[in-house]
Amino acid sequence: MTKQLKLSALFVALLASGTAVAGEASVQGYTVSGQSNEIVRNNYGECWKNAYFDKASQGRVECGDAVAVPEPEPAPVAVVEQAPQYVDETISLSAKTLFGFDKDSLRAEAQDNLKVLAQRLSRTNVQSVRVEGHTDFMGSEKYNQALSERRAYVVANNLVSNGVPASRISAVGLGESQAQMTQVCQAEVAKLGAKASKAKKREALIACIEPDRRVDVKIRSIVTRQVVPARNHHQH
């Protein structure tokens, strides 16, 4: 009687153990170790499958029953070019360094300076160049207008001869219309008083209004920037 009870108890224990393994295996399709919760393998390293195994739904890559699905490659990052932006710059060239007083022929030393400027203006990002001639207020308005035009064209032609494309350069004379030193300099000369000779006052006035005798080179350049859009990072 005692031996029979022991055998019955052992049978119940084995049955319970088998039920537990079967219950776990029915979910995973493989025989799983109750201690490590890992799939049991045979001596050949093969995974043990049970009667509940369904390869289509339960097959695992590590057991050779499924093929790993490669992760999709990240989409290429689109580089967006912004609309061109324009940068304007004015370079003022003193007529004193370019021409003699009341002259429209370039000084020898001015040639080298204009050659350096031409190299810069020949760059592909330079869209347009406007050469403006200016004079002081001395002399008639008509005379000053003509002088400013001649000087502007002399500078523009020199730049073209040094490699600046003629299609991007223009020249205009503005005469004395933008003279800025007139009133300031007249006030300064007046301070010399009655004792100063007329010639001295004229000399002082010519020197004072020198900044008005100039050639402005107005440059418009194109700046195009490439922008990489920021990726959206989703938080889980």
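Keep in mind that glycine also has a Cβ here, set from the backbone N, Cα and C atoms.
Other Cβ atoms within 10 Å of the Cβ of Cys208 (disulfide bond), summed over all protein chains shown, number 18. If you look up Swiss-Prot, you'll see Cys185-Cys208 marked as disulfide bond, on the strength of similarity to another entry.
When DSSP labels each residue, the domain 'OmpA-like' (86-223) comes out as 65 helix, 35 strand, 38 coil, counted as helix, strand and coil in that order. The annotation domain 'OmpA-like' is assigned in Swiss-Prot to 86-223 on the grounds of sequence analysis.
Sequence-distant contacts of the region '4 X 2 AA tandem repeats of X-P' (69-76) (same chain, at least 6 residues past either end, Cβ-Cβ under 8 Å): none. Annotation source Swiss-Prot lists region '4 X 2 AA tandem repeats of X-P' at 69-76.
The signal peptide annotation in Swiss-Prot covers 1-22.
Cβ neighbours within 10 Å of Cys185 (disulfide bond), excluding its own Cβ and spanning all shown chains: 22.
Helix first, then strand, then coil: DSSP counts for the region '4 X 2 AA tandem repeats of X-P' (69-76) stand at 0 helix, 0 strand, 8 coil.
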